[in-house]
Amino acid sequence: MTHIRAIYTDGACEGNPGPGGWGVVIYFTDGSVHELGGHHPATTNNRMELQAAIEALKAWRQLAPGSAIALYTDSEYVLRGITEWIHHWKRRGWKTAAKKPVLNQDLWQELDALNDPLVQWHHVRGHRGDVGNERCDLIARRLSRGQPIALRTLPPPLG
């Protein structure tokens with residue numbers, strides 16, 4: 001049985017705000033790779049980073065539910081948000097320490113609903129040669145510009 005070895009996520013935005021894209025690369029223990037990506041015509045970089053993480057967790061739940069995964073992001077915003085800040089935001093009724101509404105609350109709530117103790121969140125430094133991060137970055141940047149990119153996908157299940 002094959003398992004997910006690692007998931008990488010990234011988001012990009014041409015201008016901030018502006019057109020954006022997100023990318024997800026899923027590596028399996030058998031060497032196969034599954035990639036996802038999307039575009040939004042008017043967004044921010046942080047929203048695309050969050051969307052990438054959301055789509056990664058949706059894919060994990062579909063492809064390998066119940067298995068532990070390592071999820072890598074170059075976004076400190078996403079990493080600290082989901083592992084540290086979110087607990088405080090929820091306790092304060094989705095307000096920051098300054099009593100202001102949490103930005104991107106809709107996406108944070110969606111990510112929180114998908115998150116699971118089986119997900120191990122990791123930071124990877126962007127643009128440092130990490131193959132998974134570089135591929136996600138390329139997908140996100142291409143899609144933010146509306147440029148085509150061939151995504152590697154798994155064949156549909158038999159039956």
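Cβ coordinates come from backbone N, Cα and C, glycine included.
Per Swiss-Prot, the candidate among GLU49, GLU110 that belongs to the Mg(2+) 1 site alongside ASP10, ASP74 is GLU49. Figure note: comparing Cβ neighbours within 10 Å for the binding-site residues ASP10, GLU49, ASP74, ASP137, the maximum is reached by ASP10. ASP74 (Mg(2+) 1 binding site) sits 7 Å from ASP10 (Mg(2+) 2 binding site), counting Cα to Cα. Taking the mean position of the Cβ atoms of ASP10, GLU49, ASP74 as the Mg(2+) 1 site, the remaining same-chain residues with a Cβ inside 8 Å of that point are THR9, GLY11, ALA12, MET48, ALA52, THR73, SER75, VAL78, GLY126, ASN133, CYS136, ASP137, ALA140.
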